[in-house]
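Colleague: The following block contains the structure, expressed as structure tokens.
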């Protein structure tokens with residue numbers, strides 16, 4: 001198979017478009033690079049889903065732990081404690097078994113012009129089930145980072161806001177939240193990178209790669225086992241991950257610049 | 001285990017469970033706990049050793065060593081750890097067999113990689129195919145330890161390099177003015193004083209290490225995850241102890257177990273921090 005053929009056959013294989021059969025003999029570097037690259041889409045999807053939703057959940061959890069009522073505080077503390085104290089790998093197994101036990105229901109969601117049928121069996125698919133686990137996990141880790149930042153906000157700044165007659169919401173939006181983000185940002189960048197790397201666990205835990213639609217590491221592992229040569233497939237994955245990680249650092253660095261623009 | 005266990009089908013709930021939880025297979029699960037503990041206890045010192053080598057290499061005056069040290073830490077940190085857990089054991093295994101093949105069977109001229117196969121002569125196999133089963137298990141486990149130490153060494157190296165940088169300059173200058181050499185300064189001043197700066201990072205790594213032990217399952221080691229899946233799956237009446245799918249319960253126990261271990265070690269690190277801060281001018285010294 002030439003490189004051009006490999007591109008057209010496997011560029012979107014990970015989402016089910018293109019050649020159905022995976023290469024099994026005479027595996028060239030092109031096929032490996034393209035197929036693994038197509039798997040990276042899944043890693044990026046999981047990371048985006050979890051980080052974006054997790055950001056808001058983490059803010060809420062951190063605020064709950066810092067300044068919530070008795071019950072809210074306890075709940076947030078327990079949530080963070082549980083997800084930070086247990087291995088993600090086992091959380092995947094646990095969640096999968098839990099989702100399998102869900103009664104098989106389908107719920108119709110009317111949207112006016114059309115109707116979507118949501119089925120509970122989607123929870124056993126990686127695109128939803130694993131994404132939820134990653135979301136909860138990163139929410140807990142980020143919440144602890146945000147909580148630490150909340151505790152480090154100088155009291156004087158908040159008091160100054162109160163003295164200016166700002167309402168509670170205004171104090172949060174104008175003082176607490178931006179300062180919290182600025183203080184937390186370096187650690188939060190690390191957490192985002194860790195989460196992106198953790199997405200490789202999805203297809204190695206109990207979530208099956210349905211119709212061999214897997215992530216980058218799933219295909220790399222497939223090639224390493226087929227060719228008995230780990231020295232090509234794994235370095236390709238490594239290269240992809242380093243590239244995306246550098247991009248992530250760049251994006252978070254830009255945000256950091258914006259958060260600290262009044263300082264430098 | 002107990003005498004009344006001969007006919008499990010006739011037992012009451014309590015007795016049934018006391019028999020069920022002491023079957024030989026459950027005993028193997030409890031023994032696999034030692035595998036997990038052994039992995040942690042072996043990885044920690046070797047990881048620390050890799051970390052020291054990486055940290056000192058990345059501060060070296062020799063440019064090549066410095067690039068090697070910095071490259072090691074940044075590459076491992078830029079790539080998911082599980083890639084290394086999958087890659088290092090198989091790469092190391094092939095490297096060892098390759099070297100043994102070249103030294104022991106130098107008369108074989110056929111290539112080792114033939115299409116989709118990796119073929120070495122019988123004498124180069126590691127461990128030898130006629131060796132006892134336990135040697136295969138131990139060999140596989142040791143390869144896993146190397147992979148873990150390699151990854152955690154890189155993280156460690158980053159923490160230690162930062163801690164070494166945090167030792168007050170005055171201390172090092174004082175050493176120099178007393179006429180100590182570079183090595184003496186390192187041994188007598190830098191290394192003893194850096195621990196308090198390294199401790200938060202190291203305690204994080206320790207927790208991370210504990211939480212990555214279930215990944216042993218991916219390397220084919222029969223660890224807790226393996227047994228939880230094995231024992232929790234539903235057993236038909238053909239088995240002595242038949243039950244429905246209990247994997248959820250087994251994984252719940254595993255989660256609680258890890259929660260217990262991480263919170264105990266967290267407390268241990270808190271005590272150690274207080275101890276190391278004693279007599280020093282830190283806010284957390286009390």
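The count begins at 1 with the first shown residue.
Backbone N, Cα and C define each Cβ position, glycine as well.
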Colleague: Labelled transmembrane segment by TrEMBL, one stretch among A:3-27, A:78-102. Can you tell me which?
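Modeller: That would be A:78-102, the stretch labelled transmembrane segment in TrEMBL.
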Colleague: Have a look at A:165-186, A:231-252 and point to the one annotated transmembrane segment in TrEMBL.
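Modeller: Based on what TrEMBL states, transmembrane segment spans A:231-252.
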Colleague: Counting only residues 6+ away from its ends, which parts of the chain sit with a Cβ under 8 Å from the transmembrane segment (A:44-66)?
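Modeller: Sequence-distant neighbours of the transmembrane segment (A:44-66): 72-73, 75-77, 79-80, 127, 130-131, 134-147, 149-151, 177, 180, 192, 195-196, 199, 202, 215, 244.
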